[in-house]
Amino acid sequence: MSKTRVYELAKELNLSSKDLISKLNDLDIKVKNHMSTLEDEEVELIMDLLRDKPQQTEEVHQKEEEDIFEDNLEDIEEERVYKKSFKKGSKKNKKNNKKAVLTEEKEEDEIKIITIPEFLTVKELAEKMKVNPTEIIKKLIAKGIMVTVNQQIDFENAAKIAEEYGFLVDKEEVKDELEMLLEETPDDEKDLQPRPPIVTVMGHVDHGKTSLLDAIRNTNVTMKEMGGITQHIGASVVEINDKKIVFLDTPGHEAFTAMRARGASITDIVVLVVAADDGVMPQTVEAINHVKAANVPMIVAINKIDLPTANPDRVKTELSELGLVPEEWGGNTICVPVSAKKNIGIDNLLEMILLVAEMEDLKANPNKPARGTIIEAKLEKGKGPVATVIVQNGTLQIGDAILAGTVYGKVRAMLDDKGRRIKKAGPSMPVEVLGFSEVPEAGDKLIVVEDEKKARELAERRKELQKEMELKRKQKVSLEDLFSQIQEGSVKELNIIIKADVQGSVEALKKSIEDLSNEEVRIKVIHGAVGAITETDVMLASASNAIIIGFNVRPETNAKNLAEKEKVDIKLYRIIYEAIEDIKAAMKGLLEPKYKEVELGRAEVRAVFRVPGVGNVAGCYVLSGKILRNSDIRVVRDGIVVYEGKIASLKRFKDDVREVQQGFECGIGIDRFNDIKEGDIIEAYQMEEIPR
């Protein structure tokens, strides 16, 4: 961007440099001397004010010029409106017309509305509101936000300033090429074709979710899973009566809420598994609430009906209490009794799923570029970044250029749920896609774009936007934030780095761990990613005083050596709950100990003896409990505590004793207290630490 020096502009305007500098300072454009430079916008503004002025007498010309430069920015803007609208005519007509324009603007401004983007500079806000930027800067500084005229502020702060000036504020919705791509155009009814339902199986841990899926798809993964609990989200296709059903398997424990939520966003039908012997459990209630919130139809599979302790009617009663009344009881909830182990009722369950799918009238357009959702992503040896994708509309084909979040790629290969290579995948089909530039995030929307070059450009732009948003948020500094950060010096932090084999595990661990935070200890996951533990992870942990948690991954050799050198703690796990329990234990070490008072006993002072060199000793009778030699005590007189301290000596007759039980007499010497009187009550107690 070219810049103009003050003396060059003065020469062009036929003014002296001194006069121009004076007038620029009046406009809050700070220049030091004739060699100072001006931005193009500033030059344009000044030229706009002085160019094409009607030729008049020197006196009138000078007066007009002075008036212009004495106006504030609002007047300048009004002058520009006036000049643009009324360039011709006599000076008298111009003045009259200007008044008319200003009156009209004033009437329109009674309800002033401005549109503000997510971020804008102080200068841009001033231009929108037609006020002096200096005034805005003053108001922001008063709120503790230090900014310059070209520094960006966020929508929230900009809106507050605008409201102070009487403006109604709307947020600008900027639609770039990315958002336009994400906005799916509605399909014509004639292009839509029936598609298979996508079914998610949910339920309480150990209620037989995986076993039910095994029975449905005739596979056996239960024994391969660590701890008998599904660790990763899988997808499979089942065919019945020449119709297909797609099953998603979301883990059923509370720790995997994030993974479950992701599964339900693309789900058409939910099968809720409830054990006939256990009934409704906490995770069952959680799953029901999630399904209700997602407004997805639900079928209840009452599993383990082959067990002697099975009680399906009790399950139905408990479900009814939660608003899921079975059809046979006059409600709308389909309940199917099944036994995954004995293969009972499986066909009936599948028929019910197809029936509900038919009622839902599930359709999609296969004859268009594909759109879908990443349900799982990982880095696989020999394959590189691999993602499981559910195609939701259109058809995904080999060679398609794809975009998912900030990751781009080209479909090099596709595998179906049986591991077979396929060339295309239609609506509802789950496929494993190879060809991504990096590991995408689970939950990202996948879209097909015209070519790989375009996909790369869009992915890079998304990355830039993310960095820009992060940078802008970092630039927001207020006195309030600064004060709270100083105050938080007393809050202890436990920093954690998570590395796992799949993205879903990273998310689940992150949420579970961060939920353990409390008022005294804040747990902060500073990094989470897929892949082995590297030297970079160890260096980050060393710099941040963090613990590294590896889930189903191992540290590289160099990383292990570096961790020993840097004294970085690496914990490796194969079951998620063990990781959470260990973190809880680590937290206890950071918590300030809490104590509670435990009363040991009460003794009444019945005589006071003066012992030379020792002081007063209380002759006492133990009313309740026991008095210990090392216990804390308080002396109570007429219901008022007169002293708190410790026992200096405890004797029975002339012997020192460790404790005196209820009903016995003893002599108690109190540390640094001689004002003991007959009738005083001595309460003995000790402080016990409360387990955290």
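Glycine is no exception: its Cβ is also placed from the backbone N, Cα and C atoms.
What you see is a predicted model, and the numbers here were worked out from it, not measured in a lab.
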Which one of 249-252, 365-368 shows up in Swiss-Prot as region 'G3'? 249-252
Swiss-Prot record, region 'G1', of the ranges 59-66, 83-90, 203-210, 379-386 the matching one is 203-210
Among 303-306, 419-422, 591-594, Swiss-Prot lists region 'G4' at 303-306
Between 108-112, 228-232, 453-457, I'd like to know which one Swiss-Prot lists as region 'G2'. 228-232
As a test of the contact definition, list every same-chain residue at least 6 positions from Ile305 (GTP binding site) whose Cβ is closer than 8 Å to its Cβ. Ala276, Pro312, Pro337, Val338, Ser339, Ile344, Gly345
What mean pLDDT score does the region 'G3' (249-252) have in the model? 54
Within 10 Å of the Cβ of Gly203 (GTP binding site), how many other Cβ atoms can you find? Include all protein chains, please. 25
